[in-house]
């Protein structure tokens with residue numbers, strides 16, 4: 001899948017890293033020189049220092065071949081304008097980050113597929129919305145107080161322990177285990193081995209705690 005992301009801030013950069021690690025092709029557009037330079041160093045992807053509201057920049061990003069476009073800057077007006085321009089290229093999926101909830105209706109009126117409000121702008125949620133839309137529906141619960149994290153077990157705190165000894169807690173629950181790419185429903189007596197990939201439903205305020213718990 002080819003994804004073009006506009007915005008090299010925290011959300012855009014983290015989203016790009018998640019997609020790249022999943023094997024997707026990514027181009028990131030950022031017009032602020034420092035952020036652009038940082039992204040170019042961090043990402044194994046094409047980084048374009050330019051304005052995503054400029055057609056020339058979008059075409060440099062090969063926008064016509066994109067499967068997904070994500071407007072992830074903190075500027076609602078720039079996000080809206082870029083999405084309007086990108087619609088002309090018939091991109092299958094367009095996603096816009098909206099910082100001010102009052103602006104959501106404007107995005108919807110111009111036909112943007114997915115308008116993501118502040119409580120849903122976690123990069124993990126956006127990544128699921130792109131790669132696994134059905135899973136994304138499960139991620140944000142209530143008013144955005146939980147999300148699903150995909151992690152590889154590396155911490156000695158959980159390696160060798162049974163699922164039932166680790167999960168559930170009042171902060172998180174293991175919802176899936178992956179074995180050679182196959183999804184397995186966790187059972188209490190399953191042993192967690194180093195390198196095993198798991199999906200964990202975590203309360204938003206416990207994301208750092210859960211990440212340390214499973215990855216060290």
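Including glycine, each Cβ sits where the backbone N, Cα and C put it.
As recorded in Swiss-Prot:
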BINDING   7, 8, 9, 10, 11, 30, 73, 74, 97  NAD(+) binding site
DOMAIN    1-116  domain 'RCK N-terminal'
DOMAIN    136-216  domain 'RCK C-terminal'
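There are 27 other CB atoms within 10 A of the CB of residue 97 (NAD(+) binding site), with all protein chains counted. Those residues of the chain, other than 7, 8, 9, 10, 11, 30, 73, 74, 97, with a C-beta within 8 angstroms of the mean position of the NAD(+) site C-beta atoms are 6, 12, 13, 35, 72.
Each residue of the domain 'RCK N-terminal' (1-116) gets a DSSP state, and the totals for helix, strand and coil are 52 helix, 27 strand, 37 coil. For the binding-site residues 11, 73, the largest tally of other C-beta atoms within 10 A is found at 73. In terms of DSSP helix, strand and coil, the domain 'RCK C-terminal' (136-216) has 20 helix, 27 strand, 34 coil.
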